[in-house]
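Engineer: When I checked TrEMBL for this same protein, it listed these features:
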- 2-222: domain 'NarG-like' (DOMAIN)
- 6-23: transmembrane segment (TRANSMEM)
- 44-64: transmembrane segment (TRANSMEM)
- 84-106: transmembrane segment (TRANSMEM)
- 126-148: transmembrane segment (TRANSMEM)
- 180-198: transmembrane segment (TRANSMEM)
- 227-260: region 'Disordered' (REGION)
Amino acid sequence: MHTLIWVVVPYACLAVFVAGHVWRWRHDQFGWTTHTSQILENRLLRLGSPLFHLGAFGVIAGHAMGLLIPESLTAAIGVDEHTYHLVSVSGGVVTGVMLVAGLALLIARRFVSGRIRRVTTTMDKVLYVALTAMVVLGMSGTVVINLFGEGYNYRETISVWFRGVFWFRPDPALMADAPLVFQLHAIGGFLFLALWPFTRLVHVWSAPLAYLWRPYVVYRGRRTPAPAPQPAPAALRVVEPATPDTTAPRSAEPATTVKS
Ligand code: HEM
């Protein structure tokens with residue numbers, strides 16, 4: 001049973017993740033988009049979307065730090081378990097709260113606006129349920145166990161098992177004694193990956209990252225002189241007396257010039 005959950009399921013999910021993206025690209029390139037509904041409602045989106053995305057970037061960075069960097073490496077550079085725990089819990093709580101608030105706003109938006117509700121697909125609903133489950137489980141681990149509870153050093157078990165999946169040496173025994181919320185969250189993470197290619201999450205791979213490195217667009221001034229201004233209509237002309245030309249012969253009337 002342990003082998004099925006901690007070895008077979010992760011690989012099956014990763015296979016679906018890869019094959020699903022190939023299938024989606026071949027069959028639904030025009031649907032490969034965020035399916036933005038900004039035009040239908042923008043008030044809640046303007047707050048919910050940046051909160052959700054900033055929170056998600058923070059949570060992803062936290063997962064990369066906690067799951068991919070071995071405890072021995074952070075210890076070697078002088079970061080003890082207590083310091084690591086402080087950084088990971090405080091960072092996890094801040095980014096997790098942003099993610100929860102953003103997700104709540106995005107979900108509320110689907111209920112509040114009838115127009116948004118009408119364009120919400122079944123896969124959107126499945127995605128929101130999956131996201132909520134993952135976020136609730138993750139936050140329970142961070143807040144209930146690691147912030148207020150007795151604490152659980154997942155870097156000695158979950159992280160080692162997680163890296164083992166990608167080295168083709170997953171050890172199911174490492175997950176046997178993990179708290180239930182962490183077990184559900186970890187296996188849920190792989191199921192979430194299997195769902196990914198069939199949802200609007202595929203837009204993540206089309207983020208316009210090249211924009212950050214593209215060469216500057218150079219704007220140049222005109223080489224040719226600007227065209228001479230057209231004379232103003234007679235009614236708008238300003239008539240002012242000219243400086244008297246002392247060299248010219250004097251006449252009875254003062255000379256005038258027209259400023260155009
Ligand atoms: C196999 C994949 C995953 C594993 C092994 C994993 C593992 C963990 C662990 C160990 C924590 C606790 C961190 C701490 O207390 O410092 C955590 C927290 C969390 N996880 Fe995951 N996770 C995975 C995937 C995901 C996914 C796909 C999502 C969201 C869709 C997610 C969302 C969260 C959130 C919101 C938290 C709480 C905030 C934080 O500590 O970063 N996780 N996860």
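Glycine residues also receive a Cβ, built from the backbone N, Cα and C atoms like all the rest.
Unlike curated records, TrEMBL annotations are generated automatically.
It should be emphasised that the depicted structure is a prediction, and the values quoted were computed from it without experimental measurement.
Thinking about packing and proximity, how do these listed features fit into the structure?
Structural biologist: Listed as Cβ neighbours of the transmembrane segment (6-23) (distance under 8 Å, sequence separation of 6 or more from its ends, same chain) are residues 161, 165, 170, 172, 174-175, 187, 190-191, 193-194, 196-198, 202, 205.
Within the chain carrying the transmembrane segment (84-106), a Cβ under 8 angstroms from the stretch's Cβ atoms is held by residues 44-45, 47-59, 61-62, 65-66, 71, 74, 128, 131-132, 135, 138-139, 142-143, 146-147, 151, 155, all 6 or more beyond its ends.
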Engineer: At a C-beta cut-off of under 8 Å, are there same-chain residues at least 6 beyond the transmembrane segment (44-64) that contact it? List them, or none.
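Structural biologist: Counting only partners 6 or more residues beyond its ends, the transmembrane segment (44-64) has Cβ contacts under 8 Å with 37-38, 88, 91-92, 94-106, 108-109, 112-113, 138.
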Engineer: Could you pull out which residues elsewhere in the chain have a CB under 8 Å from any CB of the transmembrane segment (126-148), counting only those six or more residues past its ends?
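Structural biologist: Residues packing against the transmembrane segment (126-148) from afar: 59, 85, 88-89, 92-93, 96, 99-100, 103, 106-107, 110, 154, 179, 181-182, 184-185, 188-189, 191-192, 195, 199-201.
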